[in-house]
Each structure stands twice: as C-alpha cells, then as structure tokens.
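Here the structure is laid out as structure tokens; the discussion comes afterwards.
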Amino acid sequence: GIVEGLMTTVHAITATQKTVDGPSGKLWRDGRAAAQNIIPASTGAAKAVGKVIPELNGKLTGMAFRVPTPNVSVVDLTCRLEKPAKYDDIKKVVKQASEGSLKGILGYTEDQVVSCDFNSDTH
C-alpha cells in the first residue's frame with residue numbers, strides 16, 4: 001500500500017488564465033501570460049483523490065503546473081510504499097486496474113505518444 005505520496009499535476013491552459021501579463025486578484029504569478037509561461041499553482045486534486053479512493057485519504061499532497069498547451073493534462077504520482085516494489089510490477093498492477101476495476105477511468109499505454117494524441121481520450 002501507499003504510505004504517502006506527492007501528486008504533481010501538469011494542467012493545460014484554462015479559460016481563467018491571462019492571455020498577456022496583467023494584474024491578478026489572487027497571486028502575482030496568476031496574472032502572468034499563460035501561453036508564454038509554466039506557472040506553478042495550487043491544486044485540490046490530491047484531496048479529491050482521497051474522497052474518491054478512501055484508502056488514500058490524507059496520504060497525498062499536491063502541486064500543479066499550468067503549461068502552454070491547449071488541451072490534455074497529466075499527473076505524476078511519486079509514492080513511498082509500505083513494501084519495496086519493482087517498476088515492472090507497478091506497471092503490471094496499473095495496467096490490470098485499467099483493464100479491470102478502473103476500466104473507462106484509468107488509461108494505460110506504453111506507446112510513444114504526446115499530449116495531443118489524447119485529445120479525444122475519454123479517461
């Protein structure tokens with residue numbers, strides 16, 4: 001099982017971001033031009049995962065980066081596990097979940113893809 005983890009989400013541009021540098025009511029960097037910058041941001045994704053997967057509640061922290069791409073986001077999850085695990089074993093479990101209990105929710109591929117290849121992906 002997972003002892004603790006850090007979720008780093010990489011988000012595509014959203015409609016709430018600025019097209020050019022300007023003032024922001026929240027944080028100074030939220031006013032920076034979205035298409036020219038990688039913008040660190042906060043995220044509630046880690047807490048949301050804990051609500052959907054109760055076993056992970058309180059075990060994940062999160063951070064986000066807004067990047068200049070029009071669509072598709074990704075999550076990098078780094079975990080400390082209760083027991084040692086090999087990379088190939090982790091991939092096998094994730095692939096099995098994508099074909100079983102998380103089918104239609106979690107996608108898995110080892111193809112050499114880039115973000116726009118997922119534009120019509122429903123996961």
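Glycine is treated like the rest: Cβ placed from N, Cα and C.
Quick caveat, the model's predicted, so the values are computed rather than measured.
Here the Cβ of HIS11 (site 'Activates thiol group during catalysis') has 19 other Cβ atoms within 10 Å, regardless of which shown protein chain they belong to. The feature site 'Activates thiol group during catalysis' is assigned by Swiss-Prot to HIS11, with similarity to another entry given as support.
Close to THR14 (phosphothreonine) in the fold, though at least 6 residues off in sequence, lie ALA34, ARG66, each with a CB less than 8 Å from its CB. Under the heading phosphothreonine, Swiss-Prot lists THR14 (among others).
The feature D-glyceraldehyde 3-phosphate binding site is assigned by Swiss-Prot to THR14, THR43, GLY44, ARG66. According to its DSSP assignment, ARG66 (D-glyceraldehyde 3-phosphate binding site) is in a strand. Cβ neighbour count for ARG66 (D-glyceraldehyde 3-phosphate binding site) (all protein chains, 10 Å cutoff from its Cβ): 24.
The DSSP secondary structure for LYS26 (N6-malonyllysine) is coil. Using a 10 Å radius centred on the Cβ of LYS26 (N6-malonyllysine) and all shown protein chains, the other Cβ atoms total 9. The N6-malonyllysine annotation in Swiss-Prot covers LYS26 (among others) and rests on similarity to another entry.
Sequence annotations record features per position, and here Swiss-Prot assigns N6,N6-dimethyllysine to LYS47 (among others) based on similarity to another entry. For LYS47 (N6,N6-dimethyllysine), the same-chain residues lying six or more positions away in sequence with a CB closer than 8 A to its CB are LEU60, GLY62.
Look at Swiss-Prot and you will find LYS51 (among others) tagged as N6-acetyllysine, backed by similarity to another entry. Sequence-distant neighbours of LYS51 (N6-acetyllysine) (same chain, 6+ residues apart, CB-CB distance under 8 A): ASN57.
The number of other CB atoms found within 10 A of the CB of ASN57 (deamidated asparagine), across every protein chain shown, is 13. Swiss-Prot lists ASN57 with the feature deamidated asparagine.
Feature annotation from Swiss-Prot assigns N6,N6-dimethyllysine to LYS59 (among others); the stated evidence is similarity to another entry. Counted within 10 Å of its Cβ, the other Cβ atoms near LYS59 (N6,N6-dimethyllysine) come to 17, all protein chains included.
Secondary structure at THR61 (phosphothreonine), taken from DSSP and collapsed to helix, strand or coil, is strand. Sequence annotations record features per position, and here Swiss-Prot assigns phosphothreonine to THR61 (among others) based on similarity to another entry.
The annotation phosphothreonine is assigned in Swiss-Prot to THR69 (among others) on the grounds of similarity to another entry.
The annotation phosphoserine is assigned in Swiss-Prot to SER73 on the grounds of similarity to another entry. According to its DSSP assignment, SER73 (phosphoserine) is coil.
The motif '[IL]-x-C-x-x-[DE] motif' annotation in Swiss-Prot covers 77-82.
Residues annotated as S-(2-succinyl)cysteine in Swiss-Prot, with similarity to another entry given as evidence: CYS79. For CYS79 (S-(2-succinyl)cysteine), the same-chain residues that are 6 or more apart in sequence and have a Cβ closer than 8 Å to its Cβ are ILE2, VAL3, GLU4, GLY5, LEU6.
If you take the C-beta of LYS86 (N6-acetyllysine) and look for same-chain residues 6 or more apart in sequence within under 8 angstroms, you find none. Summarising the annotation, Swiss-Prot assigns N6-acetyllysine to LYS86 (among others).
Long-range neighbours of LYS92 (N6,N6-dimethyllysine) (same chain, six or more residues apart, CB within less than 8 Å of its CB): none. Mapped onto three states, the DSSP output places LYS92 (N6,N6-dimethyllysine) in helix. According to Swiss-Prot, the feature N6,N6-dimethyllysine maps to LYS92 (among others), an assignment based on similarity to another entry.
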If you count the C-beta atoms lying within 10 Å of each candidate's C-beta, which of the modified residues THR61, SER73 ends up with the smallest number?
THR61
How many whole Å apart are the CA atoms of SER73 (phosphoserine) and THR43 (D-glyceraldehyde 3-phosphate binding site)?
13
Could you state the whole-number distance in Å separating the C-alpha atoms of LYS59 (N6,N6-dimethyllysine) and GLY44 (D-glyceraldehyde 3-phosphate binding site)?
13
